[in-house]
Every structure is written in C-alpha cells, then in structure tokens.
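J.: Here's a structure for you.
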C-alpha cells in the first residue's frame, strides 16, 4: 500500500483509476465472534465501518443508476486503499443485501495524519503536584468508584511530529492512538477522498455519498454492549461502564466521569456534559434561594392587605368594575378576582424583588466560574491551541476554492471560494433571509394577539359574569383565563411548526454562506437558530410582560387594534399571573415535546428494528451489525441539546421575577436531562465520530447576552408588570397626609384609591354594554390601575398626581436596580480571573517541556553532527600543515 503524502492536505487524491486498476476490499465471512473489534485476522483494529446495499440486489433504482452508484463506490474504496487504509468486507448476517466494509488505519497512516491534523499526544507524565481541595472528602461521596473507572493518567502533550517520534511517550504502538483518535483520523480521510470527476469538478467525501444513498451508514464502533461486559478479555467495555456508572438512573446524584466521557466520545461531547453538569450544580444555589422567596410569599400572603380588601364583601363586594369589552361584556364584581389576588400575593412580594437582584448577581458568578472551569478542561483535554493548530478546513469549503487572492500576511497566493463581491452578495442574501423569518414570527405573534382580542369577546358572552353570580367555576374560569390558556396553547403549536420549518431554512442559509471550518459553521448556525428561537419562544412572554394592558386608554375612550379590536386589559392585580401561566405552558410543553422527540422516537424506532429481526435472533450477530441498527446521531449533533438548555436558561433568568420557582424546576429537569442524554447516547444511538472542541462555541456570548438582558427585563417586570411600586408609593406617600387620610403608613384603602372611577353616562354608543344597568349606582371602576381623576373633576379622566409619582418611582427603581447590579457584575468579573493560577502554571510547564524535549534535542543532534564535522576538519588541517620531521 502506497501513501501519497503530497496529497494529504488538499482534496485532490489522484485521478479516478480505470476499471482494471481498481483496488477492492478483502472479502471475508463472519467469524462468529460477536464482540470482536478486529478484522478476521484478530490483529488489525476496526476504526470505522461503511455500510451499503448490494447494487445487484437493489430494486428501487434503474439498472443504469445502480451501475453508476456501484462505480462511484468502487472508485471511492479504491482511493481509500490508495491512501493507505485497509478494507475488509463482510456480508450481513440478518440481511443479505447489506455489505459492511470495515476500515483499518495502519501505524504509518495514523502517524502521517496525526502530524497533518496537529493532534496533541503524550510526551511524559505530568510531574506537577496537585493540591487537594478541602472539600475533597465530601465530593468523594458523589464520585464514581475509582476501582471501577480508573482516573486518567495526566501527561504533558505536544503536537505530534514523526521526526520526533522517539520523544513521545510510546509504550505500545497499538494503544498509543486511542480508539477515539483513530476514528477521528479515519473520518478525516473519508471526508476528503475523491469518488468522481464531473466537468472538471472533483466530487469527494463520505457525507455526499451518504446523502446520495450510495452508502447507507458510516460510523465508528461501540466497544461492547451496554447490557454486559464484552466476551473479548482485551476489550475494556467502556460503553458498558458508561451506562452502568453514568447513564443509569441510579447515578442521578453522582458526579459525571467527565474524563472517561471525553475519552470515549471525544471533547465535543465531553464539554457539553461538563457545561450541563456545572450549570445544574450552580442551579442548586438559585433553587434554594428561589424556594425561600416562594415560602416567604406563602407565609406572608395572609397579611396581604390589598388582597383582603379585594375579598372583603364590604369593600371588594361593593366595587363594580367596568366591562372589559364592547357591547357583549357586562359589569362585574371585584370579588370575582379574589382567588387570583391571593395567588398573586405569593409571587408579587418583596421576596421576589430580592430574588430578582440575587439572580442578576448569580448569573455573573455562573459565567465567570464556568470560564475558569472551561480553561481547566481546555488544558486537561489538550484544546488550548486547538483552533489555531488542529482545526482543518471543511471539505465543502475546499471543493469551492476556485478563486485566487493574495494573502496580506504571507504575501502569497491562496485559493478562496468567492471574491469580496461574492462574499458581500452572500452575506446580504443570508441577512435578508434571516430578517424575513424573524418578521414572519412577529407576524404570527400579531396573529395570536388578534386571536386573543377577538376570542375574548366570545368568552365574555359565553362566560358572562353577573354581579350576583355565585357559581364556583366562575372563580377560576374567567374570560381572561380562558383566553390566556387557549392563546398560550395555540402559541406553543405555532412555535413548534415554525421551529421545524426554520431549522431547514437555517441549514440552507449556512450552507450557502460556506463557512471555512466546522467551528465557524456551527457558530454561524447557532447564531441564526438562536436569534430565531429567541423571537419564537420569548415574543409572547415579552408581549404579556411589557405591552399587554399598557396602552388601553380608559372606558370612555378605549384603544383599538386595526380599528376593530379593543386592546387587552390586565386583571386588577396586573399581568404577572398571566405571564407565569404563559411560561408554564411553553416551558412544560417544550419539555414534553423534546422528551418525545429525543427519547421516544429513537426508542420506538429501535424497538421496531429489533422486532422485525426477532425471527432471526437465534443467529450470532457481529458488533458492527448491532450498531448499524441503532439510530444515527444526526448532522447537528448536540445542537438541540445546547439549544434546549440555553432557552431554559433564558426562561430562568429573563422572567425569574414572575416565577421564583423556575430555578427549582430547571434543576429537577436538568438532573433528569443529564442521565436522559447519557442514556440516549449509550443505548439508542450509534457512536459519534469523536470531535475536538475548545469551548461551548457561540453559546458562550449568547449566555452573556442573556445575562445582561436579564437585568433589564427583571427590573422592567418589577416596575411595570407587578404592582409592587404603586403599593410602595401608596404606603409611603399617599396613605398619609397630605394625600391620604390615615394617621400612620398603611396599605388600608389601597384598592379604593387606585381603581379609577368612571361615569357610565360617558360610555360611547358603540362600547356601551347591551345588558341593562341595575341599581342606583352611576359609576364603575377601571380594571387596570390607570390612576385618573374621577368624573366631575376639572381634569376628569386625566392622569392624577399619584400616577406621576408612580411613574417617577418606577423609572428611579429601574435606573438604581440596573446600575447597582451592573456595577456588582463588573466587580465580580474583574475580581475572578478567567484562568486560575494552577492552570496557568500547568500551561507554562507544558510549553517549557515541549521546547526542551523537541527543540533542545534537535539542537543537541546538530551540535553532535557539527562536532564530528569540526573534528574531521581539524584532523585534515593538522595532517596538511604538520611539519615533516620524518
């Protein structure tokens, strides 16, 4: 086998050979060893598996198409062999149409491509002493038993170089490259080998062959069954250990074996579970404080004076409220909202204010400590300089490099896929497409709002509230509640539908952009998807929190949408409870949907596959065939897991002032999510191609942006959505002279003072209720606290002085709260360094050793060689100029 080293970096791996020159895999029969991870000779390890359907037995394509597919596959496999890989083909045990091509990379190929890919490999043992934490004894209670999963040995590492092979820590050539690294190298080759040339354009890569159906699957092997240990004594059965000590529900309170996860699945999977575990641990503190604030609200709700006034038949029972819609709505009694006012006292308390401030500071601690933890993992997992050294150009990018430009740094010509003008056109098109879809979401939100306005009329007529109504159901099933719940459900359905459509659009747009590296591709896709999801998931919550009930006019002069639909009003206690309802439906529905999509779908598919093969279950099936019948992980990998958690992070931080139990629910969900994702990876999916990752990518700045925005949203929720500021203004200023009549500061009389009075004679004909008025009362109260002068006043229905005091207090509160929290966030960010001193020392030590071992050894070799040359020169000079005494 000949390895063409000059064809490693660019995707032009020789020309397509003639039919008679094609190399073919070696055909063998299955050796009845179900757990074997080697070729039939028992020596060469299987690093990758390709699966295709025998073209001669396909019935779904025309004969000419089958011949073309077979030709492309044969050329591809021949070029794989030309590039040094070794192939062995075996027919399926359960389905004769399937062929499994096992791929092995010899030592020489691994060394060559490890140097090309700048893979870091061990130099020597890490000799830095590690200081044990004071809490080491406590954390040991939650760690995996070290006798079962042994801790990974720590090494100083350096990018591999063949010429310095002797300097690397090689005890055994067969284990120097671990299975994850071997699979990554082989996948790198598979992604760049050519299979056809059309119109002088080379077609290459396993991904395109999978997309066109020439191959049905391509994956590295799991090392064993997750149910039992491998029958091969040399196999470590790492999959079984991961399932038993990590994915099993019994381990829900145990720490994750992150180094073992990284070893088996690669750094990208490892960094996700490290982040998710760290986020979950930090949520513990937030959940405890949130529960404390919730309990404070529960304990103090009986002392809530304004709620007592609403429920008091002598106070709330005598307050008649104006209709909430035109014509069909009727007058109603304030005591109808008694139950909701009691619930509101739990959430709209001073504890919520304290918790909102706490969460603004908590999120800063979370992000800063995660940066430190991430820096430790970057060093431990050899990804410190990954982006600069290791990451390779995407094959799709390489294939389009047809334009030549001058590199400003090297002053050399290089190939790029598009000119500056072409790049500008691509960016303009992609940006326009993104904005179009965001506007489409906004349009759907407007549609939901119109639905709420129109359906409220129907619910008001069918669920009409009479003054003397005593039915228990009317305490809970009010027109506002019915409208809110149905609108939230419809909003959730619309969100899910737009989600499915936009996912495909975002991938198409990112493919059209043609990012250079896989990290660039994922970051670009992440930004697009999150921007869309942000508007999709949060728009309805922003509407309820900051727009609903804020621009409604007053009963004699209401504000209309589109000149037809009267704007929505909040309950007398505000929209806080409705915001909580919206959050619960979206978060709960999203969790259920994700669990169905992520767990039940692959589980059912695998069960169907096992059931269909039950008749042949008596046959011994090899490991590669077991893995083939598992589900593929998908092109986006862990994208949706990250997205799910970041969206949850947004709900926990952006709207936490409306629901202090959100961190507790997130904590419970995440404890299950970790084991659920682990169970899914180890039992339901094929093994992923191990990939490097330096950090969590574009999600990091997204989290930082959410953290900054959360301070603003929570300040606005407390100021404008809750009723806290108006109550404080009343307590300190308007309950006592000169504005109030009480001798001491009190909340008594708050309800009567804040619900503005309106004369029923001032109703316009188009909005006057159709139901007859009763009694001798001539006025009703506005639902919302608009704080206007009563009828008969010289400034009737204009905002009174109380209103302007409240507005000033709200603005002052927002400014003070934002500045205080931002200042504390700045101090915390400044005090806590991103990289710990311990990690800095390790990085410096590794760089020193790399320089010493790799460069000083070269220098010694040069000195030794030059010394021999110098000795020869001196000897020659001595023999030339020595006097002839003899």
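From the backbone N, Cα and C atoms, a Cβ is placed for every residue, glycine too.
Curation plays no part in TrEMBL annotations; they are all automatic predictions.
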J.: Do you know which of 696-720, 721-745, 746-770 TrEMBL annotates as transmembrane segment?
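T.: My reading of TrEMBL: the transmembrane segment range is 696-720.
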J.: Can you dig out which of the ranges 801-824, 825-848, 849-872 TrEMBL describes as transmembrane segment?
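T.: TrEMBL lists transmembrane segment for residues 801-824.
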J.: Looking at the ranges 310-334, 385-409, 460-484, 485-509, which is given as transmembrane segment in TrEMBL?
T.: 485-509
J.: Can you tell me which of 433-453, 485-509, 530-547, 801-824 gets the most C-beta pairs within less than 8 Å of the transmembrane segment (696-720)?
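T.: Most Cβ pairs under 8 Å with the transmembrane segment (696-720) come from 801-824.
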